[in-house]
Amino acid sequence: MKIYLVGGAVRDSLLNLPVKDKDWVVVGGTEKILLERNFQQVGKDFPVFLHPETHEEYALARKERKSGKGYTGFDTDCNSDVTLEEDLIRRDLTINAIAQDEYGNYIDPFQGKKDIECGLIRHVSESFIEDPLRVLRVARFAATLVHLGFKIAEETMLLMCIIVKKQELSYLTSNRIWNETEKALKTLNPHVYFQVLYECNALHFFFPEMYFLYEKKNFLNRSFFKKFCNKNIILMGLAEISLLNKDIDVRFSYLCQFLSVNQIDRNYSKIFFDSYAASIIHSLCKRFKIPSYIRDIAVLNTGFYFFLNTIHYQSSKNIINLFSKVDAWRKPDRVKKLAFLSNFNFLRNFKSEFFCIKSGCFLEKCFSVVKNVSIKLILKKGFKGYEIKQEITRLRIKKLEFWRIKNIKHRFYL
């Protein structure tokens, strides 16, 4: 029985990247042998075991044969006579099909090291097309490695297009799609992920809302599209915001704020909270079961997008209503998230010399002015029930209005 380090740990080591998880393949072993050595079996579809001390994953070498549709339609052979090369050939990319033995020697039957040197993301074999999940994985690896000069091999992109054409993507679960998307959003260049999906014709299947951004003819409001929603501007913005902020909810929210404009042709200046735009994002998040902490910021930022961009002109009453709508009194961190996004949009979309304070900074300043209005004084005055809410809202509006009037001479806003 021989044990080899495989997959991402070998790849990242060769790339001088931090190694996060170590996966091992066991050649010539059996379930019985590993269980006798106190390994814990955890795999459902095929035998995977946790090391009794390190808790790293050890999988029996296996062969796979396509027997059905989608990424789960495989028959697996984990017999002890399966060779290392037979195990490696079933992997998606050459850079992920390198093994390392206990002495540090590399076993690289598919020239993965050469592809790493050349910066090439290339499939291992023609069986690549049997697993539709690989479309998302390749797009994600492109986003992960583009800063190191990697690109997708032309023949691999061709196979990705074939997978899409065969309609294999329909067998992917929403959970699988989001898992890969979430990983991509955490990379240095998440915009590359969506661009690759567009180039292999998969974007319209996974994210039809985003696909519309590539189809200008679908936009009703042409002038708005040209100014704010050109696909290159949006993807460039996603690239830029990712340099400034690592939070996935912020990155995702930036992207989402544009996804409803293809259906809208209205007077934005009169909108407090755009329920229609927010509902599109809410439906998207529901479709992929996106975590609530990401969904909530995305929905709020989209709904208040135009309000926040014109916050200098908004009434104190509406600003207080915004804080209540986003539940800022209990979740002040939401104000920081929305302020960051608003500042970013402000600096990209408007001439900042018009104002002495950015829209997001103004939002945070307003919140700092009113967040400590005391409810104790209201209770002492005998207010009860709904009257308490009305009175604290009135006091917050009054305090904010006083601050704004007092500071007009300092030109905090027009």
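Quick reminder: no glycine exception, Cβ is built from N, Cα and C everywhere.
The CTP binding site feature in Swiss-Prot is assigned to Gly8, Arg11, Arg91, Arg137, Arg140; the stated evidence is sequence analysis. Within 10 Å of the C-beta atom of Gly8 (CTP binding site) sit 16 other C-beta atoms, taking all shown protein chains into account. Mapped onto three states, the DSSP output places Gly8 (CTP binding site) in helix.
Under the heading ATP binding site, Swiss-Prot lists Gly8, Arg11, Arg91, Arg137, Arg140, citing sequence analysis as support. Within 10 Å of the C-beta of Arg11 (CTP binding site) we count 22 further C-beta atoms, all protein chains included.
All chains included, 16 other C-beta atoms sit within 10 angstroms of the C-beta of Asp23 (Mg(2+) binding site). DSSP classifies Asp23 (Mg(2+) binding site) as strand under the three-state reduction. Here Swiss-Prot flags Asp21, Asp23 as Mg(2+) binding site.
When the CA atoms are compared, no binding-site residues among the candidates Arg11, Arg91, Arg137, Arg140 lie within 10 A of Asp21 (Mg(2+) binding site). In this structure, the C-alpha atom of Arg11 (CTP binding site) lies 12 angstrom from that of Asp23 (Mg(2+) binding site). Counting every protein chain shown, 10 other Cβ atoms lie within 10 Å of the Cβ of Asp21 (Mg(2+) binding site).
The Cβ of Arg140 (CTP binding site) has 24 neighbouring Cβ atoms from other residues within 10 Å, across all protein chains displayed.
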